[in-house]
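Only one structure is covered here, and it is reproduced in the block below.
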Amino acid sequence: MIADAGTSTPPGATACIALADGTLVFGRGFGAEGVAVGELCFNTAMTGYQEIMTDPSYAGQIVTFTFPHVGNVGTNPEDDETTDPVARGMVVKWDVTDPSNWRAADHLSEWLARRGRVGVSGVDTRRLTRLIRDKGMPHVAIAHDPQGRFDTDALVAAARAFPGIDGTDLAIEVTCPQPYRWDEGRWAWGEGHQRVEGARHKVVAVDYGAKRNILRCLASAGCDVMVLPATATAECVLAHDPDGVFLSNGPGDPAATGTYAVPMIQGVIEAGKPVFGICLGHQMLALALGGRTMKMNHGHHGANHPVKHLETGKVEITSMNHGFAVDAASLPAGVVETHVSLFDGSNCGIRVEGRPVFSVQYHPEASPGPQDSYYLFERFVAAMA
Ligand SMILES: NC(=O)CC[C@H](N)C(=O)O
């Protein structure tokens, strides 16, 4: 149900996606009723919709899932990457509202409704994805009304009024309000998440919107993790006398977030600390080293992205979620490009020559996704040893 502006609501439609250019897409609503605005992206992962919806890096975005069966395994308390969903809404093909389709413990629709997030199902997500590729992550308003009453002109106007993610610092909205310690390790099958005892390395993790599984990977690799808010200064980080500093993933434009992150990162590098960054942390490390970042057309969001490690020639299948990228041509002498995307050649990793400072654009904690890149946590620990 993809139509032009002014088209009346088709019978049975209880949800509408209005693009800023006037394109309308109708479907069946689930989750919360109401309207949400944001940047519409697509994610190609076949599993992990709950982890994706609760990844703080999706703040300001609405996620279209290209995999057709989303919602069929319900939700559970173990898979949240943060307390609340952070993506503003979700779009899926499978009709989540059909009760005969659902047998899971906690219905995705109720889970989403409890958290005030809007869902649109029954959409031709293949066609919508092509549209996102053509238009480059459009600004949209999505609406869910069980009576199917939509003021489509107002929805298009709301999409147009969305300020966009370019130039916006969103990390400040999702970072932790207070420092806290993290000592829970990775999932052990049948035993859940366990406390890790006897950690050997003191790590400060700066939280720009960290996923819980990243902190679990650090703890499981032997790190005693102190999580600090995004605006922590170098002085504040160094006051914890860490063996290493971790820069987390997070939402928004790295250039806008760099205003406070860059001086902190420069300070800890100057102090000789090992530094490891993931995704937004990677982008901000590149900025701190004198590089530039740029907005991508439709970004990389999925769990099937091949990345080449240029120094070993090995290919890793990675989990990704980013709409900005480091411009490799902008990297100064002494900063080496270590990884590239085999989809489009974009930069996926850097390191500083002669220093234990490195970062990757993708998500080695793989939540969801393949675990090919877990070695990066071990590399960080080795750098601190
Ligand atoms: N996953 C992330 O950390 C995303 C980084 C950044 N917000 C981007 O979209 O590129």
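Just so it is clear, glycine is given a Cβ too, placed from its N, Cα and C backbone atoms.
Note that the structure is predicted; figures quoted are calculated from it, not measured.
According to TrEMBL, the protein carries these features:
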type	residues	note
ACT_SITE	CYS279	active site, nucleophile
ACT_SITE	HIS363	active site
ACT_SITE	GLU365	active site
BINDING	SER57, GLY250, GLY252, LEU280, GLN283, ASN321, GLY323, PHE324	L-glutamine binding site
DOMAIN	13-143	domain 'Carbamoyl-phosphate synthase small subunit N-terminal'
REGION	1-201	region 'CPSase'
> GLY252 (L-glutamine binding site) to the residue listed as 'active site, nucleophile': how many Å between their Cα atoms?
Replying inline: 11
> Around the L-glutamine site (SER57, GLY250, GLY252, LEU280, GLN283, ASN321, GLY323, PHE324), what further same-chain residues have their C-beta within 8 angstroms of the site's C-beta centre?
Replying inline: ASN249, PRO251, ASP253, PRO254, CYS279, HIS322
> Going by DSSP, is ASN321 (L-glutamine binding site) part of a helix, a strand, or coil?
Replying inline: strand
> So what's the mean pLDDT when you look at the domain 'Carbamoyl-phosphate synthase small subunit N-terminal' (13-143)?
Replying inline: 92
>> Near ligand 1, meaning Cβ under 6 Å from any of its atoms: which of the recorded positions GLY250, CYS279, ASN321, GLU365 fit that description?
In response: GLY250, CYS279, ASN321
> Under the DSSP assignment, what numbers of helix, strand and coil residues are found in the domain 'Carbamoyl-phosphate synthase small subunit N-terminal' (13-143)?
Replying inline: 32 helix, 40 strand, 59 coil
> Does DSSP give GLY252 (L-glutamine binding site) helix, strand or coil?
Replying inline: coil
> Between GLY323 (L-glutamine binding site) and CYS279 (active site, nucleophile), how far is it from one CA atom to the other, in Å?
Replying inline: 10
> Among the active-site residues CYS279, HIS363, GLU365, whose Cα is within 10 A of the Cα of PHE324 (L-glutamine binding site)?
Replying inline: CYS279
> Looking at the active-site residues CYS279, HIS363, GLU365, which has the shortest Cα distance to SER57 (L-glutamine binding site)?
Replying inline: CYS279
> Cβ-Cβ under 8 Å from GLN283 (L-glutamine binding site), same chain, 6 or more residues apart: which ones?
Replying inline: PRO254, GLY277, THR293, HIS322, PHE324, ALA325, VAL326, GLN361
